[in-house]
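As given in TrEMBL:
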type	residues	note
REGION	1-40	region 'Disordered'
COMPBIAS	15-24	compositional bias 'Low complexity'
COMPBIAS	25-40	compositional bias 'Basic and acidic residues'
TRANSMEM	45-62	transmembrane segment
TRANSMEM	128-151	transmembrane segment
TRANSMEM	163-185	transmembrane segment
TRANSMEM	205-233	transmembrane segment
TRANSMEM	240-262	transmembrane segment
TRANSMEM	301-319	transmembrane segment
TRANSMEM	390-409	transmembrane segment
TRANSMEM	429-446	transmembrane segment
Amino acid sequence: MALSLQTRQRRGVTSDLPSPSSSRSKPDEKEDKRKRSEEGQEHKAIGWLLPLFALGMLRYMSATSNIIHDCDEVFNYWEPLHFLLYNSGFQTWEYSSQYALRSYLYINFHELVGLPASWLFPDDKVRVFYAVRFFLGLVSVISDATLVVALSRKYGKRLASYALAMLCLTSGCFFASTSFLPSSFAMYAMSLSSGLFLLGKPASAVAVAAAGVILGWPFSILAFLPITIYSLARRFKQTFLAGAVTSLVLLVLSVLVDYYYYKRWTSSVFNLLQYNVLGGGESHLYGIEGPIFYLRNGFNNFNFCFILGLLFPAFLPIARRKYAPDLLIVVSPLYIWLGFMSLQPHKEESIDMDLNVSVNLSILAFFLPSEPDVLSLLSMKNHVATMRYALEFLYPIYPLVCVAASAVIESFPDLFRDKYNPHDNSWPVVIAKFIRPVVLGLILSASHARTFSLINGYGAPLETYKILEHYDDVGTGSTLCVGSEWHRFPSSFFVPEYISEVRWIDDGFRGLLPLPFNSTLGGTAAAPPHFNNKNKASDEQFLRDIEACTFLVELQLNRPYPTRGSDLSTWESVVKLRALQPIAALPYLDREFSPSMYRSFFIPYLWQEKNVFGMYKLLKRVSK
């Protein structure tokens, strides 16, 4: 027995001795350990500090420099907020008590910041405007940072880093993040809901989705369906209760708020759905486009990022191994929403509206010389003003474009790697790894070029209206007149108190324009008779007495045919000295006469040389 024990011990000792083969395997073991260590570092999650800081910086830049892309943002959101804060502002037919398509609950959410800001800055409404924008940027930072952290914890920091860079710098996200629009709110909810879903919190994800739909944009319900359905399948009871309670509370609150402001029992959520979906209205009145419109403009806002995002389904064989099922669920609304919206004929932001303006002769008699040849020529030639719109309808899926494109870029090497050898470092794989930062750099550079072009080409309206605050010496009771530039009016937050009213002057536009809230008719509860849902102009929307104008805002374009603004000799430019340079007028990119490539993207030296610019002018009446 002792012998057998010694034999076993000897055998054990013998087996512990390194064999030639085990000695030769030590370098391989070290190499495997090194690779595992590198992979562990790669998949180490990004903390909260980096995305919060990076997104915070870029959202601050967006809040301070973003232009207003859509007149819907001004008249349906900034103006009602201005009325709640200052008891003045423009009302659209959608806020008429007769139609009640818009919920004041969404406005109240922003009033939580606007009201304290109006107390803090009682004499500076522009600061209140930017305070609300900072708030929007903060909400965007929190929601996008949650998505980035969730991607990092679930799929590694390389994918999360790519997504973070695109969320920060792509033009679409840069502009949409601080826009005062329900679709932007739905975008915040999409980022936050997707992040919570990836973090394993399905109930919270569905609750946020419900808030995005009811408090934000009801139509976005389609985009939230994949996460909602999968979350219910994963954890039904908890998820159902969270979604149902959130929905019920917000719906009841919305009805109560609607009753408070409209003074009748109604639901703006249902009214909006009925008008646009159930056949209760004619949304096509406000513009229709073909099915490729969103594809064309999606490239403008995301360049190659948009193309890569659309290519994500082609990577399904790889994505199924790496990202199934959670990331596939998160990204799927991109294709569902894009397909659904492209099939709809009404694309409100697509209007890029050509306002065929037959110039009114009574205005010409005031602004232009009265030579018969000039008047006859102008009466024959229409003046065309162009309204620019952002892709408001696609805002909810903007973060998903970045996530899908990031997944495609991150998966480049997997196209060439042996699926049975995860550590394959053949030359095609090495080249694919090198291509990843090159492609990302190209996307970010093109995005910066797009952002720079828009801000510098179309930023004149905001800056021009800011000049008004320096001319209160004209006295109270002044009237600011706006003609064909009504759709670029940046909101009453930029109109100083000494100006008693802003009036539209007839330039031939025959659509229905916003009119001031009428407190004598009930303010928010009013149903003014001049409003209609057929987009037919009202006789009351124009100022007939041009002599009453104290200031005029007008865009003067150098066109080959005479237009209004060709001779404004009865007005003198309002001048504000800044760095000893007069700025009576600011350059504004003339879209019609500028090449699409150079106006869409800033190309150094060629942007100023190739593009054509008009002058956005603020004019003051000359004393006689």
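Residue positions begin at 1 at the first shown residue.
The backbone N, Cα and C atoms fix where each Cβ goes, glycine too.
Among the listed stretches 45-62, 128-151, 163-185, 240-262, 390-409, the one sharing the most Cβ pairs under 8 Å with the transmembrane segment (205-233) is 240-262. Here the transmembrane segment (390-409) has Cβ contacts under 8 Å with residues 69-70, 72, 144, 147, 151, 159, 162-163, 166-167, 170, 172-173, 175-176, 179, 181, 183-184, 186-187, 189-191, 194, 212, 217, 220, 223, 294, 297-298, 301-302, 304-306, 308-312, 315, 319, 323, 327, 330-331, 333-334, 337-338, 341, 347-349, 436, 439-440, 443 of the same chain, all six or more residues outside its ends. Of the ranges 45-62, 301-319, 429-446, the one with the most Cβ pairs under 8 Å to the transmembrane segment (163-185) is 45-62.
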